[in-house]
Amino acid sequence: MMSELPLMNDLPRAELPGSQTGNPEPLILASGSPRRAQLLAAAGYEFSVQPASDSAECGICSRETAPEMVARLAYRKAADVVARIDDGLVLAADTVASCVGSILGKPHDRDHAEEMLRLLSGREHDVYTGVCFWSRRDEKFVVDVVRTRLRMAELSKEQLHEHLESLQWEGKAGAFGYQDGNDWLTVIGNDSESNVVGLPMERLAELLENFNQNAEKITTPTTDSIESSDSSCS
Ligand SMILES: Cc1cn([C@H]2C[C@H](O)[C@@H](COP(=O)(O)OP(=O)(O)OP(=O)(O)O)O2)c(=O)[nH]c1=O
């Protein structure tokens with residue numbers, strides 16, 4: 001269970017912008033990911049949940065890198081929810097794994113999960129999470145991307161079979177859940193563990209603390225502001 005993992009302890013929390021004047025915007029998590037809600041709640045944030053529509057998460061662009069992609073999708077998910085609310089600080093995120101040039105999102109089915117795990121097995125790889133905070137009240141947003149480097153031990157036939165049978169790969173980028181406590185998966189160095197699970201909690205606190213200084217004003221209120229320049233994007 002995720003709540004038993006060390007990554008759920010001592011998660012940093014920052015005050016929301018506007019707290020100093022007693023008038024913070026309500027925090028809205030633009031995500032249907034139970035992991036993201038668990039992380040935010042464990043850190044002590046109060047928030048409501050309004051997942052972005054599926055159409056916000058569209059398109060893999062052939063020349064887009066993993067960090068570019070997660071930044072674009074986090075922005076699109078935030079924009080999708082912002083369009084439906086009158087007030088609120090929206091938080092959206094997108095997570096992918098990246099290994100030897102391949103970007104790994106959520107597997108479509110068991111075969112796809114197996115393909116991803118065979119690629120990752122015995123290799124170091126990166127998990128990128130893009131995050132976007134968007135203030136509806138101020139029409140300002142900030143986007144950032146955090147990378148965590150991991151190593152997956154070489155999986156035996158039995159380990160691969162057991163993991164696929166467990167269905168723990170479902171809905172998880174790269175077909176694994178770091179929070180599921182598999183001893184064949186380790187974070188390298190001091191990189192963020194919560195980032196792997198869907199939210200870089202340390203960076204979120206920094207982004208909130210500096211939101212007023214760093215956030216950019218929305219000039220064109222569309223989902224296109226952080227689109228890739230690649231014309232093959234869908
Ligand atoms: C790598 C990894 C990913 N994940 C999850 C986090 C995300 O839920 C998911 C990546 O998919 P995302 O598209 O980032 O998120 P989502 O579709 O689950 O939710 P939403 O778009 O509504 O925010 O993979 C884990 O839970 N553990 C892991 O170790």
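Backbone N, Cα and C define each Cβ position, glycine as well.
Residues or ranges marked as region 'Disordered' by TrEMBL: 1-25.
The site 'Important for substrate specificity' feature in TrEMBL is assigned to ARG35 (among others).
Mapped onto three states, the DSSP output places ASP94 (active site, proton acceptor) in strand. The Cβ of ASP94 (active site, proton acceptor) has 27 neighbouring Cβ atoms from other residues within 10 Å, across all protein chains displayed. According to TrEMBL, the active site, proton acceptor annotation covers ASP94.
What TrEMBL lists as site 'Important for substrate specificity' is THR95 (among others). Within 10 Å of the C-beta atom of THR95 (site 'Important for substrate specificity') sit 29 other C-beta atoms, taking all shown protein chains into account.
Annotation comment: TrEMBL describes GLN179 (among others) as site 'Important for substrate specificity'. In this structure, GLN179 (site 'Important for substrate specificity') is part of a helix by DSSP.
It is ARG35, among the recorded sites ARG35, GLN179, whose Cβ has the fewest other Cβ atoms within 10 Å in the structure shown.
Of all the recorded positions in the list ASP94, THR95, GLN179, the shortest Cα-Cα distance to ARG35 (site 'Important for substrate specificity') is found for GLN179.
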